[in-house]
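Asker: Pasting in a structure now, in structure tokens, and then I'll have a few things to ask.
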Amino acid sequence: MDKYDKIIDLTKRRGFLWNSFEIYGGIAGFFDYGPLGAILKSSVINTWRKHYIINEGFYEIDSPTVNPYEVLKASGHVENFTDPLVECKSCLESFRADHIIEENIEVDTEGKTLNELQEMIEKNNIKCPKCGGEFKEVNTFNLMFATSIGPGGKRAAFMRPETAQGIFIQFKRISQFFRNKLPYGAVQIGKAYRNEISPRQGVIRLREFTQAEAEFFIDSRKKENFEKFESVKDLILPLLPGKNQENESLSSEEKIVRMSLGDAVKNKIIAHEAIAYYIAVTKKFLMDIGIDETKLRFRQHLPNEMAHYAADCWDAELYTDRYGWIECVGIADRTDYDLRAHMKNSGEDLSVFVEFDESKEIEVYEIELNYKLVGKTFKGDAKILEESLKELSNDKMEELIKTLKNNEKYILKTCKRDFEVLNEYLTVKKVKKNVTGEKIVPHVIEPSYGIDRITYCVIEHAFKEEDDRTLLAFVNTVSPVKVGVFPLVNKEGMDEIAENLKNKFRKNGIIAEYDDSGAIGRRYMRMDEIGTPFCVTVDGETLKDNTVTIRERDSREQFRIPLDGVVDYIKEKL
């Protein structure tokens, strides 16, 4: 067995991870968390909440996992949320084209076009791994699970592919909650769904998974000089910039640069201080949950792999023994893409009024409608046209003026309908106005965390094999069971003292496990395998002097302390 197989074996035996629907043969892309896995995952999430809700001052929302078609049409997911697919001509099995290629030849397929993938398959004579048959042409496959709302399937919908859209949809409410004072942030933690083509990477590639996403709304002019950046500018990180990835003369090691975030921003490797700051927050979080620092790097997306909404994006990648570097966190500058997309498609104003330091005189466009003609032409929709024209930006207004001057029709698209605007419908003039502020559409910095991948990496990075034992060397904050409590033997009242001590731990909010089965060495081994940092043994000495033995997991050091002080001692260590 390789390391991955050993870890999966341990996690199944000890109640961390189980195959879903196992008694029915299981389905690829689904895993259950057992009792200890569920606690571990919750500990990872609670640490994440500490960083974003307590430390950063974000607030959490909770929105539906079913999203109407129009929401994901507006967000771009209907058109863009796809993977390359190949289907076998013989057995009709489907596979991810890029994954099939990477499994057969040493090549990075990230960002390759469908034609390039097709060429690689043909040139290298890649066949179906199941039956050896030839593949059909590479095509695209939308990864969203389709569903419908209500009887009859009349209202099309999808299971959400990300939690972020729920935050963007509620932006007006969130902004009101923060009294419309930028910057501010909202987070959401919950299930997301991706109908993966052929998930063959165990817990790494799931069809149903947990995301923790933070959306930080900021005036785009404040991204370059971000106040909080000063506190992290000297943090040195391993970075894999886009230009280095494309430089074939560099070795894998040479492509990684270790530099401070301050230098990375100064040298235009990272786009700006705001995104660099949240790269630092990500690093701190990953260290807090026990990720091995030597197995962490930050990789910049290449232009041809950038998401449809992103201006810059960095992945926190974690190294795994079987699958190599895997993306676990994406920190993206989503610009104003999402808010503008939902403004356009919903007709709602998702801008924020930003006050100037002092009022100033500016030139603005004013529109006077020919109400008689507009009312006659558009009837009940005339009001929609008027409001939509008033919302036009200066750039759009100049485009309108230029079009009408050429005696052409200007097509104004709104969420309700499209309007053909003619020159005779309106008069546009420039006027000077004294204003105290302006409306802007905020930009969004989004750190998006794949909780399941991160949780697996916490397990793998904690997994250790020594001559006589296997252990999970979790950091104390995420260990599912904090303390094992043992009576050396079940007589002379030792078991009763140990049982009472276990209950005392639990009353103090510490998960403790009582174990009186087998030799004491076997009990230590069981606790080591589930990552319990401390064991407390009640023995003959306890009956004499009211002390107990504490054994530390990593060092295996043993020492005695008074029984009545053991709970406080463990609490302090945790």
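Just so it is clear, glycine is given a Cβ too, placed from its N, Cα and C backbone atoms.
For R96, E162, F209, T210, Q211, A212, E213, E446, P447, S448, Y449, G450, the entry in Swiss-Prot reads substrate binding site. If you look up Swiss-Prot, you'll see 194-196, 204-209, 327-328, 450-453 marked as ATP binding site.
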Asker: Is any of the binding-site residues R194, E196, R205, I451 within 10 Å of Q211 (substrate binding site) (Cα-Cα), and if so, which, in sequence order?
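Answerer: Cα filter at 10 Å returns I451.
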Asker: Quick check: of the binding-site residues listed here (R207, I451, R453), which one has the Cα closest to that of E213 (substrate binding site)?
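Answerer: Among R207, I451, R453, I451.
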Asker: Looking at the binding-site residues R194, E196, C328, I451, which ones sit with their CA no more than 10 Å from the CA of F209 (substrate binding site)?
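Answerer: Near F209 (substrate binding site) by Cα: R194, I451.
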Asker: Would you pick out, from the binding-site residues E196, E213, the residue whose Cβ has the largest number of other Cβ atoms within 10 Å?
Answerer: E213
Asker: Roughly how many Å separate the Cα of C328 (ATP binding site) from that of Y449 (substrate binding site), to the nearest whole number?
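Answerer: Rounded to the nearest whole number, the Cα-Cα distance is 6 Å.
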Asker: Relative to the Cβ position of R96 (substrate binding site), how many further Cβ atoms are located within 10 Å?
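Answerer: By my count, 22.
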Asker: Going by a 10 angstroms cut-off between Cβ atoms, which of the binding-site residues C328, I451 has the sparsest surroundings?
Answerer: I451
Asker: Could you round the CA separation between P447 (substrate binding site) and R453 (ATP binding site) to a whole angstrom and send it over?
Answerer: 15
Asker: What is the separation, in Å, between the Cα atoms of R207 (ATP binding site) and Y449 (substrate binding site)?
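Answerer: R207 (ATP binding site) to Y449 (substrate binding site), Cα-Cα distance: 16 Å.
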Asker: Do any of R194, E196, R205, I451, R453 (binding-site residues) have a CA within 10 A of R96 (substrate binding site), and if so which?
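Answerer: Within 10 Å of R96 (substrate binding site): E196.
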Asker: Just to be sure I understand the packing, how many Cβ atoms besides its own are within 10 Å of the Cβ of R453 (ATP binding site)?
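Answerer: There are 23 such Cβ atoms around R453 (ATP binding site).
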Asker: Would you kindly give the Cα-Cα distance separating E196 (ATP binding site) and Y449 (substrate binding site), rounded to the nearest Å?
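Answerer: If we compare the Cα positions of Y449 (substrate binding site) and E196 (ATP binding site), the gap is 18 Å.
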